[in-house]
Amino acid sequence: MRGAGVLLWPSRVSTLLRRCSVDTGYGVSPSRKQVELMYIITYDILFGQATSLVGDAEKFLLLRKEALQSALAKLLVRKRANHLEDLMALYHIPDVSKPRYVRINTLKLDLKSALHELGKQNKVHMDDMVPDVLVLPPGTDLHNHPLVRNGSIFLQGKASSMVAVALGPKPGWEVLDACSAPGNKTAHLAALMRGEGKIIACELNKERVTRLADTIKLAGADNVKVLHGDFLNLNPEDPSYSKVRAILLDPSCSGSGTAADRLDHLLPSFNTEGLADVAGIHRLTKLAAFQKKALAHALSFPAVEKIVYSTCSIHQIENEDVIKSLLPLAKTLGFQLATPFPRWPRRGLPVIEGAEHLLRTDPVEDKEGFFIALFVRKSIKPSEEPLTSETSTSDANNKVLITRRRKPMNKFLASIPISKVSRIFRLGVWKPTLGKRR
């Protein structure tokens, strides 16, 4: 889930939403559970994408969306806050156990300079796993720091910063960021590509497109083209996408991996597995259905070599189950699971073939729960991938051997466009098995 770009602490969000609710003039039931539900729906309307709000309470609040947004705007003016982050900072309650992570925007600043500037007032050191990520003491407030305000560093968590690195796009590539707002990961892709090549940043929500454009401008990512539209409606056979070599898919999700920073655990019905109630399970099911469609669509782009699927969810239904359902299609199209961050100790749940390739961060151990899956097309000809300092000639020779040993695709499937195979799979007309070949 691509959130509002800030970590929303329960107490301050509760206060903020209560203030917005009062300012809109609508009342809520005295039931504590219904009040909490109204807060969560209001959160989704103001800060999320509100794509699955179909109940009576959701419809009631959606009719008042403009009033809620107006109340939030008035609150910004009243508190003399220029941005949402500034407003949230006023309600800040430091998490004494969670370090402050920042990502260096290498389009504007180098590592040495970042360490020097941040080290003037804080203890700071490099993260031992993720490049260009620095670690500062818990509770460090950098919202008004000059390096944050000019886009030289981003207040981005460690797990979130792992996603673009896992995709690993090369300078000069064409990359598609499927659900890109608010744009932190998009800007990270641009930095990894050294501002070279092209990134198509797709976003459906009009308001979030504005936020995305602001982030890209702040980052100085001139190689990013913002596209206001639905990723699922992009035609993989359109010549505009014929050179796309990598896709980052970070779709809407439950956000349960950041539940400690939201309102979820305040619900009286919240349990240790993070499912609120039957309605919560229904919401997860709908989210998973969308996530499967999005991943199937990503797999259908003919020139794509690498795809990263990521969520900030702890739920199997949004993570391993999504990958498991799409593995047959992925294998048919020549993809296989690869291992991002091989030294990372926490991997996927053992409910799927290849779980050891999946990456999980733990809400307790790592202070946030993310999931990352990396697909790599194994039928890529080595000559199509430029040799870099990370790719040796011997690596290319090994890829030649792998390509020659791979069995050819089923003749029927090879005779139809990749996008049609994807559509057939999504509609359930054809379902390949995971069993061994006889």
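Cβ coordinates come from backbone N, Cα and C, glycine included.
Those TrEMBL annotations? Automatic predictions, nothing curated.
Within 10 Å of the C-beta of C312 (active site, nucleophile) we count 27 further C-beta atoms, all protein chains included. The active site, nucleophile feature in TrEMBL is assigned to C312.
Non-local neighbourhood of D230 (S-adenosyl-L-methionine binding site): C202, L204, each in the same chain, at least six residues away, with C-beta under 8 Å from its C-beta. Per TrEMBL, S-adenosyl-L-methionine binding site is recorded for C179, S180, A181, P182, G183, N184, K185, E203, D230, D250.
For 90-378, the entry in TrEMBL reads domain 'SAM-dependent MTase RsmB/NOP-type'.
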Where the record names C179, S180, A181, P182, G183, N184, K185, E203, D230, D250 as binding S-adenosyl-L-methionine, the maximum Cα to Cα distance in Å: 19
Between A181 (S-adenosyl-L-methionine binding site) and C312 (active site, nucleophile), the C-alpha gap once rounded to whole angstrom: 14
Among C179, A181, the most crowded of the binding-site residues [Cβ within 10 Å]: A181
Entry from the binding-site residues list G183, K185 having the most other CB atoms no farther than 10 A: G183
Integer Cα-Cα distance in angstrom, C312 (active site, nucleophile) to G183 (S-adenosyl-L-methionine binding site): 15
